[in-house]
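Visitor: One structure, as structure tokens, below. Some questions next.
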Amino acid sequence: MSQVSGTDVPDLGRRQFMNLLTFGTITGVAAGALYPIVKYFIPPSAGGTGGGVTAKDALGNDVIVSQFLTSHNAGDRTLAQGLKGDPTYLVVQEDKTLANYGINAVCTHLGCVVPWNASEEKFMCPCHGSQYNAEGKVVRGPAPLSLALAHANVTDNDKVVFSTWTETDFRTGEEPWWS
């Protein structure tokens, strides 16, 4: 292997070095600033068939279906921690089984948590008076949309797992606005 003489090595002048340094700095800052903007516009990937979030009770414990159903009556709607940490109602059906859907408790008007009013059998928002029927369909505004749904599946180890609802909304017959 032969040695390269000093005259054959290209000389990086001061001006070229400063241009390279300036270009590198501007590129780094621009990439750092654009990253969150680009990430915002790229939708999150789907959870897949096995994906989901285990429902948690008010104390942060996993919801065990057999224990849950013994302590709740038919028609009950009970809050659990659901997808993205949102409060989500578990629904006990008339035959004392758990419904295969959960109802997100966040009001579609301004984001208040909507409590279940058992005596009137509907969800009533305390902030601005929006009302939803027992399935979470809006019946009185100012809320523009029904409450979001999530699948509530029972696993082999008797726990509830919430997953994203992407099918047609059975209450309205329309595509889900939340997916």
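Keep in mind that glycine also has a Cβ here, set from the backbone N, Cα and C atoms.
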Visitor: Disulfide-wise, see what Swiss-Prot says Cys127 is paired with, picking from Cys107, Cys112.
Guide: Cys112
Visitor: Measure from the CA atom of Cys112 (disulfide bond) to the CA atom of Cys125 ([2Fe-2S] cluster binding site) and give the result in Å, rounded to a whole number.
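Guide: About 7 Å separates the two Cα atoms.
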Visitor: To test your reading of the [2Fe-2S] cluster site: which residues beyond Cys107, His109, Cys125, His128, same chain only, put their Cβ within 8 Å of the Cβ centroid of those residues?
Guide: Thr108, Leu110, Cys112, Val114, Cys127, Gly129, Ser130, Pro142, Ala143
Visitor: What is the interatomic distance between the Cα atoms of Cys112 (disulfide bond) and His128 ([2Fe-2S] cluster binding site), given in whole Å?
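Guide: The separation of the Cα atoms works out to 9 Å.
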